[in-house]
């Protein structure tokens with residue numbers, strides 16, 4: 001049972017929330033019977049950057065935007081203005097760098113898509129040193145990104161991941177990386193995310209809603225953060241929910257609510273995926 005607080009747009013729950021970024025979908029689908037995949041029509045052919053998932057691709061930082069005190073949008077340039085990243089929906093990339101003589105590899109899901117030509121955008125929360133008692137050194141990769149200058153390069157590798165969205169509610173899933181894919185179709189997908197774990201969820205939401213003349217998959221998202229000010233990309237999420245109320249719903253949870261701003265109540269929710 002969690003405490004509920006009412007905001008001007010959506011309910012915000014206060015309490016401890018289990019944060020799952022995609023595992024719910026994978027666990028459910030791997031136990032479902034396979035159905036025949038329904039692929040979207042082929043998109044206009046473009047030059048793909050990520051040709052081999054085992055290769056590394058050096059990409060330059062071309063733009064950096066401060067979104068909050070500890071959150072940044074990093075834009076990296078692709079090999080040409082005709083290139084797209086080449087990342088299927090549901091998959092992610094890895095950033096690779098040598099930091100203090102140590103090879104550091106971290107997964108990220110871009111907020112841009114393969115309709116964005118010539119660049120790839122990452123939204124990253126920077127974990128600075130001496131800000132969390134359990135991690136006094138902070139995040140190695142995020143602080144490395146923060147210190148990068150425009151023109152500096154970092155290695156990308158991908159696509160990675162065992163889940164891919166094919167469109168019209170159909171997912172391709174591998175239990176292990178070398179396994180043959182299993183295809184399942186869902187009518188409704190419920191998602192739970194926390195912090196920057198919102199990026200793979202937003203990737204899916206955008207893909208479904210921009211094709212909602214054909215893709216009728218229903219989606220619900222529970223997004224957990226420490227406080228309201230930590231809610232990333234809230235403006236876009238709210239706008240999508242307002243434009244598509246019958247297809248996408250979003251709820252926010254916070255550990256700490258602003259004093260005197262919200263009205264308290266209670267909520268109890270059960271989440272499932274219906275195929």
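Heads up, the Cβ atoms here are built off N, Cα and C, so glycines get one too.
Curation does not apply to TrEMBL; its annotations are automatic.
Here the structure is a predicted model, which means the values were calculated and not measured.
Quick look at what TrEMBL annotates:
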type	residues	note
TRANSMEM	12-30	transmembrane segment
DOMAIN	54-166	domain 'FAD-binding FR-type'
BINDING	106, 107, 108, 123, 125, 128, 140, 141, 199	FAD binding site
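On its own chain, residue 140 (FAD binding site) has 99, 100, 102, 104 as residues at least 6 apart in sequence with a Cβ closer than 8 Å to its own Cβ.
Shown in sequence order, 108, 109, 110, 111, 123 are the residues of the chain, 6+ apart in sequence, with a C-beta less than 8 angstroms from the C-beta of residue 199 (FAD binding site). Among the residues 106, 107, 108, 123, 125, 128, 140, 141, 199 said to bind FAD, no two Cα atoms are farther apart than 20 Å. On its own chain, residue 106 (FAD binding site) has 94, 95, 141 as residues at least 6 apart in sequence with a Cβ closer than 8 Å to its own Cβ. Per-site Cβ counts within 10 Å over the binding-site residues 108, 125 peak at 108. For the domain 'FAD-binding FR-type' (54-166), DSSP puts the residue distribution at 8 helix, 53 strand, 52 coil.
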